[in-house]
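Notes to accompany the following structure.
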Amino acid sequence: MEEMYDIIIIGGGPAGMFAAFYASLRNQKVLLVEALADLGGQVQTLYPDKKIWDVAGLPGVTGRELVVHLQEQLGKFPVTVKTQTKVTDLVADGETWLVQVEGTDEAIKGRAVILATGKGAFEPRRLQVENESLLENRGLAYFAPDLSVYRGKKVAVLGGGDAAVDLATELDGVAAQTYLLHRRDQFRALEQAVLALEQTGVVKKTPLKVDQVRQESDGTLDLTLSHVKNKEEVIHLAVDNLLVQYGFSTKGMDAMHWSVDLDWDAAGLIVQDHIRTKQARLFAIGDITSYPGHSDLIATGFGQAPAAVNAAIEAINPASAGPGHSSSLNL
């Protein structure tokens, strides 16, 4: 007999992990499917050492620490986890969802599905200078998974958003000297992040843009910078490492190409009340979702997860409807 799951959650980032835990807390037979080798999503891949401030009760938790907490929580009750499993399509068969995955013709069956796949595959926005590809991983980088490699170095961070400001702040005290270069006078990060930056020894250079990067014989990088408002003003800055934090662009959401009929807009998958899609027993949470007032925050996905799970349970068995409080459990 083919295995049937109550709820299949597609996407193993923080929102998907918490949804899987909450579904198991409500005694559902749960499958969590993740395309990558490890759970954790962008938090694990892009900023494991970055401090996260918008998770309730865990102020300043790093991405790596958050994923560890979620994995510990996920292990409390039975949950089947399949990593390195890429979903290629989603097909309705009566009251059953058939989840088709890469490498096999056999579909996984579930009574309800929750999509938690985020914005899809992503890649960093590149520094548009000559020889950029040759310099990558030779002093120039777009990711900083281990800050210790910059200990005692001179490091320049490019960008003006949350990622750049947070990274520059975290490097202060690790690097010998940190520079933050931005093409505008004002930073676009959260107010408290900018205030924290002001308390560091980070040298801010604005409004400047990088025109050229040249690697010297000793391995250091010579940055040619021009003033945005006075283009004739050119300065040079010598650093050991250059970290580009211009954000990321997505390659599109895989679910958009599945055969299931869903409504999309420029922001993502349109959901209704109870985080429902237009299809019965199909829900979505996290960054993939779109509705008025939605914010792409970890905290948002955490709030959506129980709503989607409870709605899925009610759709499967109306007699089991309810919020599923955990405070009365003796665990």
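Glycine too: its Cβ is placed from the backbone N, Cα and C atoms.
Residue environment of Gln42 (FAD binding site) contains 16 other Cβ atoms, counted within 10 Å of its Cβ in all protein chains. A helical conformation is recorded for Gln42 (FAD binding site) in the three-state DSSP classification. Under the heading FAD binding site, TrEMBL lists Glu34, Gln42, Tyr47, Val87, Phe122, Asp287, Ser327.
For the domain 'FAD/NAD(P)-binding' (5-311), the mean pLDDT of the prediction comes to 93. Here TrEMBL flags 5-311 as domain 'FAD/NAD(P)-binding'.
Under the heading transmembrane segment, TrEMBL lists 7-25. Residues 31-34, 36, 39-43, 66-67, 70-71, 73-74, 76-79, 81, 83, 87, 90, 97, 99, 108, 110-118, 285-288, 298, 301-302, 304-306, 308-309, 312-313, 324, 326 of the same chain lie 6 or more positions beyond the ends of the transmembrane segment (7-25) yet place their CB under 8 Å from a CB of it.
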Counting other Cβ atoms within 10 Å of each Cβ, which of the binding-site residues Tyr47, Phe122 scores lowest? Phe122
Which one of the binding-site residues (Glu34, Asp287) has its C-beta surrounded by the most other C-beta atoms within 10 angstroms? Asp287
DSSP output for Asp287 (FAD binding site) maps to helix
